[in-house]
Amino acid sequence: MESHGSGLRRVLLLSFCVAGIWAAYIYQGILQETLSTKKFGEDGKRFEHLAFLNLAQNVICLVWSYIMIKLWSNGGSGGAPWWTYWSAGITNTIGPAMGIEALKYISYPAQVLAKSSKMIPVMLMGSLVYGIRYTLPEYLCTFLVAGGVSMFALLKTSSKTISKLAHPNAPLGYGLCFLNLAFDGFTNATQDSITARYPKTNAWDIMLGMNLWGTIYNMVYMFGLPHGSGFEAVQFCKQHPEAAWDILMYCLCGAVGQNFIFLTISRFGSLANTTITTTRKFVSIVVSSVLSGNPLSSKQWGCVSMVFGGLSYQIYLKWRKLQRMQKKKKA
């Protein structure tokens with residue numbers, strides 16, 4: 001009876017995590033798409049300063065992580081010093097800026113799909129640079145994802161979707177997304193190196209360090225350089241309060257979503273988190289198609305299914321590998 005109650009609590013907690021991640025990031029996606037395509041006010045101006053979203057997100061997450069550390073930290077030391085994140089902060093500033101800038105050139109569903117193909121640069125780098133040999137099923141996953149994204153990019157986008165874009169340019173948009181993935185790869189590798197050197201580093205320490213440097217770099221880029229558009233972004237928000245509200249909600253969704261991701265990984269592992277976030281991306285495309293008026297053709301839906309079929313198969317392979325490792329430990 002006790003084990004039944006414990007199992008029920010785990011199911012409820014997992015459901016809570018799924019709902020939290022889906023709600024936070026699906027709504028954040030809606031806001032991101034709104035800010036990149038909507039014409040605000042009577043003058044019908046677009047919010048062209050999308051890099052400002054990254055600065056705002058850094059500031060909110062910096063404050064959020066600091067509060068969480070003060071509330072939940074046990075006061076122990078041994079985590080990575082704040083200055084160790086300076087290099088990861090550079091790539092983590094440039095990568096997301098490219099990803100969000102891509103929304104000027106391609107639709108939100110296209111951006112989500114392109115950014116879902118993270119395994120492609122990882123496997124390319126692994127095989128070409130490090131000589132890693134992958135299994136046939138792993139190559140099959142990559143083929144499905146790469147093929148789906150490529151065919152989606154080559155298919156004709158609806159005129160309604162194109163009319164919403166600030167500067168339609170598919171090659172540039174997809175190029176920015178793949179550069180985003182490349183920079184993300186360097187960021188993840190650097191974070192892994194930091195946590196290996198400082199094992200007592202927790203998720204909040206990483207969030208604080210990354211967003212501290214992200215805030216510094218984005219402040220310099222937006223307000224310190226001659227071509228920086230920080231002041232124009234602030235002025236736009238003053239003239240269009242609804243845009244400022246959307247930006248605030250966008251940032252809060254990111255901070256809350258991180259909370260649920262940390263909770264999911266700590267209680268259920270990274271595989272469960274990968275499954276939840278992958279399905280969330282698929283739902284985000286469906287929501288964008290239905291709510292934001294980005295109609296996809298049957299061929300495009302086939303490409304979407306192909307990509308997420310490959311991602312689902314990858315998750316299954318990871319699950320099988322995890323099961324085999326657990327059996328070896330028991331033996």
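Along the chain as shown, residues are numbered 1 onward.
In case you wondered, yes, glycine gets a Cβ from its N, Cα and C as well.
Swiss-Prot lists 327-331 with the feature motif 'Di-lysine motif'. Sequence annotations record features per position, and here Swiss-Prot assigns transmembrane segment to 11-31, 49-69, 80-100, 112-132, 135-155, 170-190, 206-226, 245-265 based on sequence analysis.
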Assess whether the transmembrane segment (206-226) lies in contact with the transmembrane segment (112-132), where contact requires at least three Cβ pairs under 8 Å among residues 6 or more apart in sequence. no
Taking contact to mean three or more C-beta pairs under 8 angstroms, with sequence separation of 6 or more, is the transmembrane segment (11-31) in contact with the transmembrane segment (80-100)? no
Looking at the transmembrane segment (49-69) and the transmembrane segment (112-132), are there 3+ C-beta pairs under 8 A, with each pair at least 6 apart in sequence? no
Across the motif 'Di-lysine motif' (327-331), what is the average pLDDT of the model, as a whole number? 76
Tally of helix, strand and coil residues over the motif 'Di-lysine motif' (327-331) according to DSSP? 4 helix, 0 strand, 1 coil
Same chain only, please: residues at least 6 beyond the ends of the transmembrane segment (245-265) with a C-beta under 8 Å from a C-beta of the stretch. Say none if there are none. 14, 17, 20-21, 24-25, 27-28, 31-32, 34-35, 52-53, 56-57, 59-61, 64, 68, 203-204, 207, 237, 272-273, 276-277
Taking residues 6+ outside the transmembrane segment (80-100), which of them lie with a CB under 8 Å of any CB in it? 32, 36, 50-51, 53-54, 111, 115, 176-177, 179-184, 186-187, 190-191, 194-195, 197-198, 201, 205-206, 208-210, 212-214, 216-218, 221
